[in-house]
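Engineer: Structure provided below as structure tokens; questions to follow.
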Amino acid sequence: KKMFMRSNCTVNKFVLLGLAESPDVQLLLFGVFLLVYVFTLLGNVGMMTLVRTDPHFHTPMYFFLYHLSFSDACYSTVIMPNMLVSFISSNKDISFSGCVAQLYSFVFFGIVECYLLAVMAYDRYAAVCSPLRYVVMLPKAVCVWLVSASYTLGFLYAAIYTGCTFGGSFCNSNVIDHFFCDIGPLLKLSCSDRVLREKVIFAFISLNGISTSGVILISYLYVLSAVLRTRSARNRSKAFNTCASHLMVVSLFYGTGFFAYLQPSTSHNGLDKVATVFYTLVTPLLNPFIYSLRNRDVKEAFMKHMKRGFCLR
């Protein structure tokens, strides 16, 4: 509490510069990101609705996917509405408390997503490599515990990151060279000693990133090894394509995230904005389509619900 009060005495609000200065470019970006946000919500909320209403999807994989979709929808909503308003408004301000809330929420759902992706990779390992023990390895109680642990870790780590970021004074400037309140650009504005805070953040980001990405990589290596041993060329090709698409999205999320965060705050530049767009806005858009709509069962269930909806009309 004292750390936040110390900052609040020097800065009451921040100014977000956004992605572009030209009004024409801002209008174009507004249209593009509005479409991205709409499709992100449609994909993720649609997936959540399908999992909740269709008994066929009451399995561990879709239980985890439900929470991943929820996390993606919230993750995107933390940033998108404020960014869209800034494109069509001359007011780029965000209050100090609003900035704190945005950073905390962003980190919370980002950490939750990291752990859910790791849990889903383990789920695929259990399903492909030990199909006869799948129910034993992932009973309902274990699934609930894994998801609860993801949210708990997100809550704790978000408090640490937010406390370290706002734990100094902002007396030099209140202009954030970014499109939302992010750790690096905020630390860059701090006029008090930030070396220790940067080291703490770096250590926890490394711990989270390496542990979750390690679980994902090892799980999919086992999955790919099992797939390559199957005799059916068709099943092998199908499973390989699914694993490749999953790994592509995970690599995009982690690669751009590591690029943005595993560097000193003084090294941040314009490329960070591009990288941040990918892991904050593009990944939540792709996840429901990559993880679910490529699945034949999901597509059939989706079409069945669409037909039922039209018949009710």
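Glycine too: its Cβ is placed from the backbone N, Cα and C atoms.
Keep in mind the model is a prediction, meaning the values are calculated, not measured.
Here TrEMBL flags 27-51, 63-83, 103-122, 134-160, 200-223, 244-262, 274-293 as transmembrane segment. Summarising the annotation, TrEMBL assigns domain 'G-protein coupled receptors family 1 profile' to 43-291.
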Engineer: If I count Cβ-Cβ pairs under 8 A between the transmembrane segment (274-293) and each of 27-51, 63-83, 200-223, 244-262, which range comes out on top?
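Structural biologist: Ranked by Cβ pairs under 8 Å, first place goes to 244-262.
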Engineer: For the domain 'G-protein coupled receptors family 1 profile' (43-291), provide the mean pLDDT of the predicted model.
Structural biologist: 86
